[in-house]
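A.B. asks: Below you will find the structure I want to go over with you.
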Amino acid sequence: KLHSDLDKGVGTVKYTLSGDGAGTVFTIDETTGDIHAIRSLDREEKPFYTLRAQAVDVDTKKPLEPESEFIIKVQDINDNEPKFLDGPYVASVPEMSPVGAYVLQVKATDADDPTYGNSARVVYSILQGQPYFSIDPKTGVIRTALPNMDREVKEQYQVLIQAKDMGGQLGGLAGTTTVNITLTDVNDNPPRFPKSIFHLKVPESSHVGSAIGRIRAVDPDFGKNAEIEYNIVPGDGGNLFDITTDEYTQEGVIKLKKPLDFETKKAYTFKVEASNLHLDHRFHSVGPFKDTATVKINVLDMDEPPVFSKPMYTMEVYEDTPVGTIIGAVTAQDLDAGSSSVRYFIDWKNDVDSYFTIDATEGTIATNDLLDRESTAQYNFSIIASKVSNPLLTSKVNVIINVLDVNEFPPEISVPYETSVCENAKPGQVIQTITAADKDLSPAGQRFSFKLSSEASNKPNFTVHDYRNNTAGIETRRNGYSRRQQELYFLPVVIEDSSYPVQSSTNTLTIRVCRCDSDGTIQSCNVEAIFLPVGLSTGALIAILLCIVILLVIVVLYVALRRQKKKDTLMTSKEDIRDNVIHYDDEGGGEEDTQAFDIGALRNPKVIEDNKMRRDIKPDTLRFPRHRPPAEDNTDIRDFINQRLQENDVDPSAPPYDSLATYAYEGNGSVAESLSSIDSLTTEADQDYDYLSDWGPRFKILAEMFGEEESYNPDKVT
């Protein structure tokens with residue numbers, strides 16, 4: 001309730017409220033100042049509210065007093081039960097743990113005010129799970145309550161925990177949670193065989209390394225505590241078998257170490273021990289963590305293939321042995337109780353096997369063809385033996401036949417030698433060491449002997465020195481050799497072997513005479529080198545030849561340049577000629593040669609086509625030429641000159657004097673000079689060409705042509 005001292009109770013004062021929850025949670029009577037809660041309050045939602053109140057004048061709306069602030073605190077009541085926020089819980093504890101072993105701590109939370117009363121004081125208790133576990137009522141720690149709890153008896157436990165407020169008093173609120181507790185395994189149980197004797201039956205045909213049976217010891221523990229190791233106790237029959245552990249099933253797998261034979265031994269007995277790999281020292285007092293069982297194995301008789309007396313057969317035979325000769329035999333037996341006969345045959349794989357045959361009943365091997373050690377020194381094939389009673393049961397053995405050598409080939413020089421001797425060689429000098437080879441397979445201790453043939457023994461050039469170790473040396477017997485006299489020597493050497501019968505051959509060595517220096521180093525063995533000057537080597541000759549070739553190339557280049565330069569000079573001089581100049585490389589036969597070239601090439605077609613103005617010149621004073629030998633009549637030249645004269649005579653633009661037209665380049669000039677008339681008359685009728693006859697034989701034809709035309713047509717001037 002709010003009240004102002006200025007309030008006289010006559011209704012002149014109005015009360016207002018503002019702040020947290022004003023108008024929504026709390027309201028005020030404007031006349032009396034009473035404050036009321038208009039809805040339920042929850043301390044856990046909001047424990048207090050801060051409000052502001054003020055008294056104002058009803059008429060003027062002005063504050064009568066300053067605004068005052070106050071706090072409304074919500075008082076707690078026990079309206080919230082304890083809650084396990086982390087539940088349900090999962091925990092584990094090793095089996096066989098002592099009483100009071102820690103398992104887990106639980107915690108419950110109460111939302112009530114812990115500072116007001118006992119609403120938030122929680123007490124823990126077990127509603128389900130006794131007598132195996134206990135809980136501390138204040139801390140909530142769960143511990144074991146019974147000793148030696150065995151996982152193999154019961155592994156899972158579910159414990160119901162209660163938390164109650166008000167200190168556990170009557171009327172308090174309570175909450176519960178579940179704790180699932182698992183007993184973890186420890187190695188507290190040894191492995192045990194379910195029975196003391198295991199019986200196994202094994203066929204005698206079982207392969208070595210194969211599994212022939214399984215036994216199992218039982219361990220109630222779990223995981224690595226249940227891992228078992230099996231071992232065969234040393235004793236009777238244990239050396240033929242081995243045992244390993246299957247890591248998935250923990251079974252003992254018995255395997256065969258050696259082959260079984262029913263005819264040799266029909267049963268085996270041995271003991272197997274099973275023990276844990278991971279022991280717990282806390283349980284040693286319980287007893288040994290291992291167990292033993294007996295294993296009895298009965299061998300079953302099986303129909304087996306024949307067995308050869310040897311794992312491999314080796315035989316020998318001389319080459320060229322007659323066909324059908326027996327060289328050895330193989331033997332196989334049926335070891336089963338009802339012994340059966342055996343048949344033999346060769347396992348054909350290639351044509352090599354056809355060199356031998358085998359007797360199907362006796363197993364004797366004989367040659368089927370002539371053998372040659374030099375072609376094939378060893379034969380390797382297989383013999384198969386099968387039972388008559390069951391041909392499908394077979395066994396195989398390898399047979400190696402070595403072909404022995406018969407001395408049929410003579411020894412020869414092992415490699416072709418290139419032997420040389422210096423011209424300055426001294427007597428007794430070794431110029432070559434030779435060895436021999438024999439196609440026959442030489443037995444141990446065989447020796448080769450070397451000597452000169454009888455026809456070469458009397459020659460004083462070379463000799464053979466046998467070193468008695470299958471080698472020999474070629475020695476000189478003269479003091480110096482001359483290539484000019486004889487370049488090649490042929491030395492016959494006789495080589496014999498020591499086998500029976502003795503074989504020998506004559507081998508010819510070619511010895512070449514060479515030029516050497518003072519140290520015996522060969523310098524030249526060529527025939528051409530004999531005629532070369534002393535001191536002039538092949539390299540020097542090559543250098544001289546190169547110099548000669550270079551000089552010849554220089555001379556050829558110089559001549560070519562000179563000719564090119566001369567040609568360029570001639571072309572330059574020809575560029576000054578004003579009319580067209582026809583160049584050709586045919587020298588021709590002079591003025592009398594009228595067939596050397598086409599006279600039409602001297603014409604200037606450009607002047608004819610363009611009809612350009614002539615480049616006229618005034619003729620000089622006529623000079624009489626020297627007499628020349630008469631030229632042959634040529635109608636082509638005459639027609640050409642007549643045509644050009646007609647063109648000039650009928651040209652209206654021509655001056656009153658004749659024109660000089662340059663038709664071709666004649667070199668440095670002609671002794672006849674210009675053919676044009678000098679000091680021509682105004683009319684062609686006044687022309688007189690009698691002077692052409694005075695110019696000599698070269699102008700004879702020209703004089704005749706003009707003379708004939710004048711007599712034929714006197715009105716026309718030529």
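Along the chain as shown, the residues are counted starting at 1.
The backbone N, Cα and C atoms fix where each Cβ goes, glycine too.
For 4-84, 85-193, 194-308, 309-413, 413-531, the entry in TrEMBL reads domain 'Cadherin'. Residues annotated as transmembrane segment in TrEMBL: 530-561.
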A.B. asks: Write out how many residues of the domain 'Cadherin' (413-531) are helix, how many strand and how many coil, based on DSSP.
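C.D. replies: Summed by class, the stretch gives 4 helix, 53 strand, 62 coil.
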A.B. asks: What are the helix, strand and coil residue counts for the domain 'Cadherin' (4-84) according to DSSP?
C.D. replies: 0 helix, 32 strand, 49 coil
A.B. asks: Would you list the DSSP helix, strand and coil counts for the residues of the domain 'Cadherin' (194-308)?
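C.D. replies: DSSP classes over the domain 'Cadherin' (194-308) add up to 13 helix, 54 strand, 48 coil.
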A.B. asks: Over the span of the domain 'Cadherin' (85-193), count residues by DSSP class, listing helix, strand and coil in order.
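C.D. replies: Result for the domain 'Cadherin' (85-193), in helix, strand, coil order: 3 helix, 45 strand, 61 coil.
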A.B. asks: Looking only at the domain 'Cadherin' (194-308), what is the mean pLDDT?
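C.D. replies: That stretch averages a pLDDT of 87.
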